[in-house]
Amino acid sequence: MKLLFLALLSLLALGPSLAARRRGVRWCTISKPEAAKCSKLQQNLKRVRGPSLSCISRKSYLECIQAIAAKRADAMSLDAGLVYEAGQDPYRLRPVAAEVYGTEGAPRTHYYAVALVKKDSNLQLNQLQGVRSCHTGLNRSAGWKIPVGTLRPYLGWAGPPAPLQEAVANFFSASCVPCADGNQYPNLCRLCAGTGADKCACSSKEPYFGYSGAFKCLKDGAGDVAFVKDSTVFENLPNKAERDQYELLCPDNTRKPVDEFEQCHLARVPSHAVVARSVGGKEDSIWRLLSKAQEKFGKGTSGSFQLFSSPPGQKDLLFKDGAQGFLRIPSRVDAELYLGPSYLTVIKNLKESAAEVEARGARVVWCAVGPEELRKCQQWSGQSNGTVTCTTAADTEDCIALVLKGEADAMSLDGGVIYIAGKCGLAPVLAESQRSEGGSNLDCVNRPLEGDRAVAVVRKSSAGLTWNSRRGTKSCHTAVGRTAGWNIPMGLLFNQTRSCNFDEFFSQSCAPGADPNSNLCALCVGNEQGQDKCAPNSNERYFSYAGSFRCLVENAGDVAFVKASTVLENPDGRGTEAWAKDLKLEDFELLCLDGTRKPVSEFETCHLARAPSHGVVSRKDRVQYLEQVLLDQQGKFGRNGPLCPGKFCLFQSETKNLLFNDNTECLAKLQGKTTYEKYLGPEYVTAVANLRQCSTSPLLEACTFLRN
């Protein structure tokens with residue numbers, strides 16, 4: 001009994017510390033100096049009554065990544081190259097806070113990977129074969145992935161399964177690549193200065209490890225070129241006269257002074273980031289800890305402990321010494337979004353054979369929203385003999401994210417979503433030009449873009465309903481964020497009321513993409529089984545133009561916000577679906593902004609606004625190729641193509657408006673409207689920006705962070 005009592009006392013004594021560790025953040029360190037700094041941070045946080053911190057020791061970044069994934073640690077800061085590795089299976093970590101560089105007046109969450117040489121050398125970037133090289137570490141961004149990716153054409157590397165490290169070892173006469181396997185590839189560790197087991201070590205035990213170590217390798221004369229970041233030489237040589245003894249190698253085989261890194265660099269790289277688990281990652285706790293740490297011990301503080309400083313002889317412990325602070329990364333950002341398409345392309349190029357790289361560049365990956373679009377896309381892919389392949393996502397924003405990450409190339413979007421895509425850095429490729437009477441296919445491709453009219457349509461029998469009396473009625477919308485169904489009518493409503501409480505203006509609505517538990521989803525019906533209610537894809541039967549009009553036709557709503565062409569395409573036998581078969585155009589009318597009503601045929605004088613055409617978007621580096629492929633594809637499968645309707649039609653759908661609008665005559669050239677601002681027009685861009693005061697999208701928030 002006495003032993004049991006003592007055991008209980010022991011557990012009670014341990015309990016608070018165990019609970020504190022669960023609540024607190026466990027930071028992973030990779031060396032004794034890092035562990036010592038972590039311990040000091042822990043003590044100083046305790047002194048200022050900050051968040052709880054404990055320190056976990058491992059031997060390498062990989063072991064720390066594994067510990068975080070296994071819930072034996074919670075966080076650490078990683079170079080972008082390691083952020084990529086940590087974001088892959090089986091770890092699936094994500095960046096939660098970015099280190100901020102630059103100055104207080106001009107902060108930035110990126111840096112530039114550069115190739116640094118001594119001024120008295122005669123080297124150019126295309127003359128590095130056979131020289132001695134200094135690297136920050138294996139698989140790190142500025143020191144390995146970027147330079148090796150840049151030099152790939154000269155390496156004589158056929159791609160996997162041939163080892164990349166072997167190709168690099170044979171390319172340079174000697175190197176120091178900390179973390180490399182010196183037994184298997186001795187040339188990669190030949191220049192390293194560590195002794196015994198510390199030679200080529202993956203930590204500061206190797207004097208030439210990290211940015212400052214790679215620079216020291218060059219400065220000491222061990223190497224001829226150092227692959228580092230733009231600030232490395234400034235941090236190690238405060239004296240300008242000393243810095244002037246070094247120059248940068250530029251991709252165009254010229255050289256520039258070290259302060260011209262924005263014009264002479266190998267790549268722009270996202271800054272180091274603190275990573276955590278994607279699920280159950282303690283993101284809020286980590287951010288509270290970082291916020292308190294930078295407030296109490298960051299730049300400009302006077303205490304003896306400095307968060308962004310390392311003891312003499314050490315560099316970049318826990319965080320970069322040159323960091324100014326942290327910025328929280330929006331929750332929508334995963335490792336691939338954080339790194340961006342250019343950096344991801346470099347990484348993919350290092351994982352694929354030359355043939356695979358070429359094949360990937362020749363393919364067009366279309367992003368289909370939902371299962372119905374995917375089925376049509378797969379039909380297209382089969383008929384295109386693999387020129388077009390398909391991927392899918394649940395909604396348009398997820399598709400945009402796939403395009404940003406290089407996992408997809410293109411999709412066609414409503415103008416409101418083109419706004420988000422443009423803010424994220426994508427560009428228009430071709431526009432959906434509406435079907436018109438007469439005119440050849442060539443005329444259509446080169447025809448000036450007109451767009452469509454956004455209208456408010458009601459049943460003729462609801463005689464008392466006007467634009468001025470729509471408060472309290474039931475409304476049908478194409479989807480939240482879409483042009484005719486949301487941005488235009490709700491933008492007008494916001495201008496009228498200056499209120500964002502849209503769910504209080506109408507009694508009930510169906511606005512796919514809204515909160516499923518709100519009034520804005522009350523009229524939505526989901527699929528035939530009642531699932532996916534209010535989903536922003538074709539699983540919701542009241543989604544998009546035809547769905548919004550169907551919501552009105554089936555008496556769910558009193559007013560539907562659609563395009564004029566939507567109303568014209570469905571009545572009088574034009575609509576093929578069961579709900580549209582007995583409709584008559586004369587049974588519907590339009591609400592005019594002046595409070596009157598007019599027949600649908602008079603939409604030119606009774607509409608809410610002109611809506612920009614749907615358009616195909618892609619990454620800027622793919623626009624020219626996408627235009628070429630899509631014009632070729634519509635030459636075969638377009639409205640006048642020889643294989644439509646026999647084989648496949650781009651602009652026909654089993655249901656409605658899959659991949660493209662069914663009333664598209666052709667994909668037309670942009671007539672100079674090559675940016676999202678020019679494509680949408682200044683008035684529409686301003687209207688959407690104003691409406692964004694009421695709500696933002698997680699993707700738009702993420703892109704705003706990533707592009708600053």
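Placed from the backbone N, Cα and C atoms, the Cβ positions cover glycine too.
Feature annotation from Swiss-Prot assigns signal peptide to 1-19; the stated evidence is experimental evidence. Look at Swiss-Prot and you will find 25-352 tagged as domain 'Transferrin-like 1', backed by sequence analysis. The N-linked glycosylation site annotation in Swiss-Prot covers Asn139, Asn385, Asn495. As annotated by Swiss-Prot, active site, nucleophile applies to Ser278, with the evidence given as similarity to another entry.
Recorded features from Swiss-Prot, shown on the structure.
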| residue | record | DSSP class |
| --- | --- | --- |
| Asn139 | N-linked glycosylation site | coil |
| Ser278 | active site, nucleophile | coil |
| Asn385 | N-linked glycosylation site | coil |
| Asn495 | N-linked glycosylation site | helix |
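Across the structure, Asn139 (N-linked glycosylation site) and Ser278 (active site, nucleophile) place their CA atoms 22 angstrom apart. All chains included, 17 other C-beta atoms sit within 10 angstroms of the C-beta of Ser278 (active site, nucleophile).
A count of other CB atoms within 10 A of each Cβ picks out Asn139 as the most crowded of the glycosylation sites Asn139, Asn385, Asn495. A separation of roughly 38 Å, to the nearest angstrom, links the Cα atoms of the residue listed as 'active site, nucleophile' and Asn385 (N-linked glycosylation site). For the pair Asn495 (N-linked glycosylation site) and Asn385 (N-linked glycosylation site), the Cα-Cα distance reads 50 Å. On the 0 to 100 pLDDT scale, the domain 'Transferrin-like 1' (25-352) averages 94 in the predicted structure.
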